[in-house]
Structures are given as C-alpha cells and as structure tokens.
Amino acid sequence: KESSAMKFERQHMDSSGSPSSNSNYCNEMMRRRNMTQDRCKPVNTFVHEPLADVRAVCFQKNVACKNGQTNCYQSNSLMHITDCRVTGSSKYPDCSYGMSQLERSIVVACEGSPYVPVHFDASVGPST
C-alpha cells in the first residue's frame with residue numbers, strides 16, 4: 001500500500017522543473033499522477049523544488065493546519081508551485097484543468113519517522 005509520504009510525493013512533487021508555457025501541464029500531470037482515476041480531483045498543487053527542500057519545511061515554522069491540527073509547517077522561503085484547478089466545463093473522465101504558476105510559501109503537514117510531509121495544506125502569498 002502507498003504510504004502517506006509516497007502519496008505526497010506522487011500528488012505534489014515535480015522537481016524536474018516548472019511547466020513554463022505548457023498549458024496542458026495540469027491535464028497531463030493530474031492524469032499521469034493518477035488523480036483523475038475515479039473522479040477529477042478539484043484542486044491540486046505541484047511543487048517545483050528539490051524534495052530535500054520540501055522535506056526541510058517540516059523543521060521550519062510550526063503553524064496550525066486548516067483542520068486545526070498542529071503538525072503543519074510553513075516554508076521560510078518562497079517556492080515555485082503550480083496550482084491546478086478543475087474547470088467548470090470539466091466532466092469525468094475527461095478532466096480538464098486550469099493552471100496558475102505562483103511563487104509562494106507552502107504549508108505542509110508532517111508526521112512519521114523520518115518526519116516527512118504527508119499532506120499539502122496551503123500556500124501563502126507574500127504578506128502585503
């Protein structure tokens with residue numbers, strides 16, 4: 001069975017680089033990473049940074065998770081991420097996604113030994 005840590009990597013890690021001008025990035029990646037198998041996952045974030053940098057967030061700023069749990073951590077630095085959101089016209093099994101490329105601080109939930117990210121909680125824009 002897929003561990004929570006492996007699932008996090010499958011759903012959220014794409015260290016190979018950013019999608020640049022490929023408007024099909026979300027459609028391809030959501031399919032390739034098995035997030036459109038039994039439904040169209042409505043929103044998903046891919047992080048374009050080395051896995052070691054994302055794992056390191058577990059030892060950075062401790063914050064509350066959206067669900068009230070206390071094992072979330074916010075990255076000290078901005079990270080290149082891509083938000084994929086299902087479009088209104090999307091109909092399973094033809095899942096279609098819009099894409100936004102952002103530079104934001106990420107919030108992940110961590111657990112286990114080794115202590116690693118198991119859930120992507122949020123991304124935070126530069127505070128104005």
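Keep in mind that glycine also has a Cβ here, set from the backbone N, Cα and C atoms.
The recorded disulfide partner of Cys110, taken from Swiss-Prot and restricted to Cys40, Cys58, Cys65, is Cys58. Here Cys26 is paired by Swiss-Prot through a disulfide bond, and of Cys72, Cys84 its partner is Cys84. For Cys95, the partner cysteine in a disulfide bond according to Swiss-Prot, taken from Cys40, Cys65, is Cys40. Beyond the ends of the compositional bias 'Low complexity' (15-24), by six or more residues, the same chain brings 47-51, 80, 82, 99, 101 to within a C-beta distance below 8 angstroms of the stretch. Residues 33-35, 44-51, 54, 80, 82, 84, 97-99, 101, 108, 111-112, 116-120 of the same chain, all 6+ positions outside the region 'Disordered' (1-26), place their C-beta atoms under 8 angstroms from a C-beta of that stretch.
Of the listed disulfide-bonded residues, namely Cys26, Cys65, the sparsest CB environment within 10 A is found at Cys65. In the three-state DSSP scheme, Arg85 (substrate binding site) is classed as strand.
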